[in-house]
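Colleague: Following this message is one structure expressed as structure tokens.
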Amino acid sequence: MSDKLIIFDTTLRDGEQSPGASMTRDEKLRIARQLERLRVDVIEAGFAASSNGDFEAVQAIAQAIKDSTVCSLSRANDRDIARAAEALKDAQRARIHTFIATSPLHMEKKLRMTPEQVLEQAKQSVRFARNLVADIEFSPEDGYRSEPDFLCRVLEAVIAEGATTINVPDTVGYAIPELYGNFIRNLRERIPNSDKAVWSVHCHNDLGMAVANSLAGVKIGGARQVECTINGLGERAGNCSLEEIVMAVKTRRDYFGLELGIDTQHIVAASRMVSQTTGFVVQPNKAVVGANAFAHASGIHQDGVLKARDTYEIMRAEDVGWTANKIVLGKLSGRNAFKQRLQDLGVQLESEADVNAAFLRFKELADRKSEIFDEDILALVSGDATAGAGERYGFVSLSQRSETGERPHAAVVFTVDGKEVHGASEGNGPVDASLKAIESHVHSGAEMVLYSVNAISGSTESQGEVTVRLQDSGRVVNGVGADPDIVVASAKAYLSALNKLQSKAERVAAQG
């Protein structure tokens with residue numbers, strides 16, 4: 001058995017299924033590049049057959065990524081598999097991940113198929129996929145709640161058809177660590193050809209045990225791949241957290257005895273990027289990447305850490321990418337210094353034109369804010385609200401008037417399909433007025449279900465990072481905007497959310 005643990009990141013696919021976490025093609029590409037910098041083994045870039053937008057994102061990532069394997073999810077049918085292969089055709093290393101449900105509940109209620117029909121479809125899908133790419137992963141959806149005898153038949157059959165990775169998901173987060181570990185081990189022991197494939201675990205966090213279950217699948221079950229997401233992002237209670245699984249295996253190498261290819265010094269940068277892109281703020285006490293992960297308030301603890309760090313710290317903050325909050329650039333900094341700082345932070349823009357545009361935004365920020373932190377630069381790049389390729393709305397400018405005893409008034413200039421429009425409105429506050437000014441032209445009809453503000457750094461002149469969550473016709477999206485002026489940040493976030501609603505509507509229309 002291999003002593004290398006493969007890290008399979010599904011932030012861009014399963015993570016994006018978290019309500020409001022939808023990402024644009026460019027946002028996915030930026031995160032994929034950071035995952036490659038992190039040296040993730042496999043990047044699940046999306047579900048190519050689900051929409052034209054997902055196909056384009058998988059295709060762009062397949063073309064850009066050189067070191068990591070790029071994977072697309074696919075249902076167990078020829079159309080989905082062919083679409084995935086087409087999106088992956090330019091990848092240096094391509095994987096198709098095909099799946100079909102195998103639990104009695106799913107087969108009867110969702111698929112309306114007999115076990116024999118499911119078995120045949122699983123075999124056919126792997127056989128077809130293997131003719132298109134060499135690296136095939138198969139997942140029995142709701143595998144943990146499947147009948148073991150039937151599951152063994154399915155997995156033995158798909159390995160015989162050429163599946164190179166067998167992933168056994170705890171789709172609804174029902175498992176308990178010891179039971180899940182034994183479940184994986186029993187499958188491997190009962191299936192005659194189990195040694196022909198890498199065994200993988202995919203655990204959800206509904207009972208708060210996704211990481212524990214995954215570790216049990218590795219230690220007890222002998223799995224050598226873990227599927228996970230940055231910050232544990234995912235639908236319902238989320239997925240197994242990449243940063244936690246990686247640091248558990250690295251910190252307790254004495255127990256697990258496994259090697260990792262991950263460059264852990266890029267973990268915090270990846271966490272920040274995903275948080276700022278999706279608008280999902282990382283809780284302060286989140287293991288490894290939370291703001292308090294290496295903080296000590298107790299006097300006894302502080303005294304111990306000052307004398308010897310290992311009295312209360314089992315890993316070093318700098319090993320996962322935490323650095324002191326320091327000024328990195330100022331208004332006199334040049335373009336080359338800015339470009340180098342982007343590279344140090346794991347940000348790779350697509351073209352020199354994009355670098356130039358980002359540098360101009362940086363200079364504008366530096367004129368307004370005396371101290372520029374890493375967080376400011378990441379927010380500046382992630383929270384750009386100017387209309388990108390394929391985006392309908394873009395922020396241009398905003399002015400407001402507010403005096404005590406009078407209703408605030410805001411005027412917003414923004415673009416719609418490349419043409420400038422001017423909106424103006426009064427409101428209950430400056431933010432309300434600015435968003436009503438936008439709506440006076442857009443008429444989206446969307447309901448705002450969340451509005452939150454987060455200070456990016458600790459000073460009074462900090463940029464505010466605003467998250468706006470909109471809901472319309474069952475679609476939920478988050479928009480993020482950043483600016484030292486909270487009203488401007490709010491307008492940017494609102495336009496970002498409108499762009500994502502538009503993108504989701506186009507995906508639904510494309511699916512028919």
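Cβ atoms are placed via backbone N, Cα and C, with glycine included.
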Colleague: Of Asp9, Asp14, Asp417, Asp432, which does Swiss-Prot put in the Mn(2+) site with His202, His204, Asn239?
Modeller: Asp14
Colleague: What other residues of this chain sit with their CB within 8 A of the center of the CB atoms of Asp14, His202, His204, Asn239, the recorded Mn(2+) site?
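Modeller: Going along the sequence, the neighbours appear as Thr10, Pro169, Thr171, Cys203, Asn205, Ala210, Glu227, Cys228, Thr229, Gly234, Gly238, Cys240.
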Colleague: Measure from the Cβ of Asn239 (Mn(2+) binding site) and count the other Cβ atoms within 10 Å, all protein chains considered.
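Modeller: 30, counting other Cβ atoms within 10 Å of Asn239 (Mn(2+) binding site).
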